[in-house]
Amino acid sequence: MSWGLGWKRPSEIFHLTLSYGIDDPPENLARTSTSSPSSSSSSSLSSSSGSISSIFSQDQELGFRIELDWSASDDEDQVALKLQSQLMVALPMPQDTVVVELRSRDDDENVVDLGMKVVKRREPLRAVTMAKAVASGQQSDGTGVLIRLLRSDLPSSTPPKVGDAAVAGSGHHWTSLAALSLCGCGLSVLPVELTQLPRLEKLYLDNNRLTVLPPELGELRSLKVLRIDNNMLVSVPAELRQCMQLVELSLEHNKLVRPLLDFRAMAELRVLRLFGNPLEFLPEILPLHKLRHLSLANIRIVADENLRSVNVQIEMENSSYFGASRHKLSAVFSLIFRFSSCHHPLLASALGKIMQDQGNRVFVGKDENAVRQLISMISSDNCHVVEQACSALSSLASDDSVALHLMKADIMQPIGTVLKSAGLEEVISVLQVVVQLAFTSDTVAEKMLTKDILKSLKNLCAHKDPEVQRLALLAVGNLAFSLENRRILVSSESLRELLLRLAVATEPRVYKAAARALAILGENENLRRAIKGRQVGKQGLRILSMDGGGMKGLATVQMLKEIEKGTGKRIHELFDLICGTSTGGMLAVALGIKLMTLEECEDIYKNLGKLVFADPVPKDNEAATWREKLDQLYKSSSQSFRVVVHGSKHSAEQFERLLKEMCADEDGDLMIDSAVKNVPKVFVVSTLVSMMPAQPFVFRNYQYPAGTPEVALVATSDSSGINVLASPIGEQVGYKRSAFIGSCKHQVWKAIRASSAAPYYLDDFSDDVNRWQDGAIVANNPTIFAIREAQLLWPDTKIDCLVSVGCGSVRTRVRKGGWRYLDTGQVLIESSCSVDRVEEALSTLLPMLPEIQYFRFNPVDERCDMELDETDPTNWLKLESAIEEYIQKNHHAFENVCERLLLPFQHEEKWSENLRSKLPKTEESLKGADGPTLGWRRNVLLVEASHNPDSGRVIHHARELESFCARNGIRLSLMQGLSGIVKTVPSTTFPTPFQSPLFTGSFPSSPCMFSPDLGQRIGRIDLVPPLSLDGQLGKAIASPPMSPRGLRQLSLPVKSLHEKLQNSPQVGVIHLALQNNSDGLIVSWHNDVFVVAEPGELAEKFLQNVKFSLLSTMRSHRRKGASLLANISTISDLVAFKPYFQIGGIVHRYLGRQTLVMEDDQEIASYMFRRTVPSMHLSPEDVRWMIGAWRDRIIMCTGTYGPTPALIKAFLDSGAKAIVCSSSEPPESQSITVDGHIEWNVMENGKFEIGEDEADDENVPASPVSDWEDSDAERNVNRTFSFWDDDEEELSHFVCHLYDSLFREGASINVALQHALASYRRMRYVCHLPGIQ
């Protein structure tokens, strides 16, 4: 027997659906085309393969549908005829339809005509769907039958309109077709006949085998949707650009590499899908303004109409096991960042969304092209693009390395341009980037700060829009986190005045941001005035320090309750500075920053025990508690070692969540943000273990005053590439007053978390740059840190009350058990965390300072011996009972501390009562009574200039001041002879009009003045002749050069003065025995010669104006002086009367005379004077750049004239307590014409002054070949004092009287000056105080 097997290939079954009346939604059509036919058609397909069936379904409201099926094995012509006949039969008869027409009249637009008529009408054909049945073969695509149907002449639903052409010469039945779906039909070529449907709007060709599209596709001018997904297209016809009504174009999962798509005419396109194509570049999509859906590579982007909500889906690529791994966005970024496609609003929105992920930010930061394209988007004309680009850049800027990359890519150039523009939204967006960049790191902030950026930010701080003002102020504040930037910003007078003005603005968000900027700049006193904060009491500072101890902080809370009970005040009202370590740090923040009550703090501890330290109950023993489990854990050293190796005892997640909830603040969660809320100064101590050796780290809610020596955390690197600390004072020997490493820019919860990261109990805390552990390792008792911080914050204020609160200790006892290796670690921990060493040091040293009241509260009791993570209520009760007994035994100490803490409040009440009882007093007297006084710093620094013309006087107030201080035990330091001359051009470069009298030669008969820098100093009298008697070649440069970053390079005398003040922290009074002129305080002089010939016009003017000015500047004896000056008619009489006098700040000393006899027997006398001319000045700009030198110090200026108003303002802006100086302003400098002749302005420049005779510094022998006559005044040793010499003696007595009241009587500077002026009424001195801003 033989068997034969027969196999017949299954024929292809096609399903055709014709929808009349309505269009199926594109989703339904596509879904129908790819799914199996409906159940109604499947029943008909159960017959023989060659059968043709039709199904008619009708919906009265939605039209009707006709479904046709056929087999590909039949002849196409025969099938077409059969389908046509079935279609004719299935079509319903036309129905009567009422047509309503509304028309407005031509003559009257307000009248509308209504027209109604009845017509015969059938629903038009709107959609055609053709698909293969499931499990069909691939022999045919069925388009032959469809094309024949399209050519058939079927009855139309309505009469044809003019212009409607039939398809391929057939009837008008198919002209109304709007949607055509040929999905999954196996098409390899799209029939051209389908492109001739005039009203086709939707064409679906998914899941076919199309490689190309016919160019005739562009003739479908009404086409709105074109889907050709999952084909094999390698190109797109250029004629597609003619489909200008296209709304959706989907070409996913094809083989497009370089599609030539021209979207310039497709203004309506909203959906573009290119997902799954091996694209080498993205077509230009910028013209697609309405695009809201885009897919390409492995990403899908969908946005709403306004681009406010953007959804980005990224699909992971399937990579080979041996293939190189790529980032999930590498393909997308290679497309959108290659050209300018990223400037499209939709892609910009997507980038803003993508950059929210940390991994994506890191990847983009490494792509230089991506970074540059993002930066270029800042300059876009589209506001939304700028906004999204700035959002993305702000996210990128949060990473240090990426922020540096942005700076290298020159991000500040477009930022600077936008900041100067008028677009409000663009400026706001760019400011957000500036704020984030400046906050990221000090290195980035220093690179950002330029003159142009600072100028733009200052202008925006004064903008009319509050949000712009707020962001600009935040940017200024963030820039000031950098120490170098802070030095630049605090020296800006305009910025300071702007911040002070905005700090009292009416808009809350503006004045809060301005106050924050002042806080970051270290302008603590101005900040206090702006927010009307509490001033430090007259008695001095009050400091609270709290030890660490974990759950034993409950003891601290209980003792603080006793202090609050005794004073009736809250803790934050009693203290100026509050600090703590670990649990003490958490209390410091809760009480000092969050202003919580002690009851709330107690609740925090209870939650801390329940949430953080309470482990879950073991499942195998429900009766066991977490405490039993921990007891078992610590029974042996081996298990303790297991804790060290395998991690911490508790999870920090619950702890961090609790801290975040406690520290949340809508006004800002940084430590420095609390400085604007009128709270005490607070700091928390932690241990920075990422440095070697470990360093204390101070998290603080304040900034040090400008000029305070600080240590940069990561400023330099050694050769190994490891970050090291950089100290501003280097290897300094002696007094060290640099601040501890710390910061005020961390979040509050992070500060507590870092300070509480106790080893064994909680994991270390890290911010990806630094790592911290519990502050108890270096400062479990932070009292020493509190004293140092107080010195830095208030260098001239003494400490009145120092309160240190511990958590309880146990008595010293013998260690039990044998010695084990791991016990060494326990000993080290006990030693480092001990609070007794600090207590012993303070108890030893503070008695030497009896004005400091020191209180230490720390009970010693066995009941205080409990774990840091103790949560057993029984042990809590034992601790509370021990504390209660301690308070009762030491109630006198608690009473004393409460009494001491209440002194400032009592003083304020008494002062208010005195003020009310003495209302008739003038405002000036009240202000003087409460003015600044000499504080903690009581040393005096006396400053004199080099080559000072006053130094040789017989009576000089500076020498009298030295004697007075020596007699009264006042420590005075003398800084005399400030030196350091800047080199200038040698005099040999210019012609010399006369030679030195010390060498062979003669002088011209006419008076002459010349200066090598005449071209630079034209219009000034104090020019330097080429002959200098000090060995100097010329005059110093008036204004020191500026560095590229704007840092002013101080002259050597000013720099030496700055260094002296920085290294003299005990100096409380700076006495500037310096002369003044309009350029500033003269810190250096030099000598030269000056010649006047008589007779001559210049000599007459010189003599006349000298006499006039002398009378105008006499303090007394005016009548007697006038009679003496009337007898002076020549220069010879002048030098005989007074050979030493001062003219406009320039000292003239008569040297000699040379007489020449002319041919006509006329004698011409040339008078030589040695001039002492100002060489270098301390200008207002120099004062501002001497950051920190003048803060909290009293300045005495005892020159003939007082400083200029600009100089006084610079002193006060720099933090000076007061300036005492002469009320007379310095005269303007005299002018000189281009030809060298002096122009004396009597009214403006005519103030001259004759000083007392002075012995020459050196005796110069007459040259044997010189015919100069020596001055008789120089030979005469027994000189007589004129009535002008009384002024210096009176000034000496006045200064000594002022110092006596200030130092010995303890009077305020105002009162001391008033007493001195009352005794010496001829003195014209005033006191300038900082204005209340």
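Heads up, residue numbers simply count up from 1 along the chain you see.
Just so it is clear, glycine is given a Cβ too, placed from its N, Cα and C backbone atoms.
TrEMBL has this to say about the protein:
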ACT_SITE  Ser582  active site, nucleophile
ACT_SITE  Asp774  active site, proton acceptor
DOMAIN    544-787  domain 'PNPLA'
REGION    25-49  region 'Disordered'
REPEAT    369-401  repeat 'ARM'
MOTIF     548-553  motif 'GXGXXG'
MOTIF     580-584  motif 'GXSXG'
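Across the structure, Asp774 (active site, proton acceptor) and Ser582 (active site, nucleophile) are spaced 6 Å apart at their Cα atoms. In the motif 'GXSXG' (580-584), helix, strand and coil residues by DSSP number 2 helix, 2 strand, 1 coil. Sequence-distant contacts of the motif 'GXSXG' (580-584) (same chain, at least 6 residues past either end, Cβ-Cβ under 8 Å): 545-553, 556, 684-686, 755-756, 758, 774-776, 779-782, 805, 807. Secondary structure by DSSP for the repeat 'ARM' (369-401): 28 helix, 0 strand, 5 coil.
Cβ contacts within 10 Å of the residue listed as 'active site, proton acceptor', excluding its own Cβ and spanning all protein chains shown: 31. Proximity of the residue listed as 'active site, nucleophile' to non-local residues of its own chain (separation of 6 or more, Cβ distance below 8 Å) is seen for Gly548, Gly549, Gly550, Ser755, Ser756, Ala758, Asp774, Gly775, Ala776, Asn780, given in sequence order.
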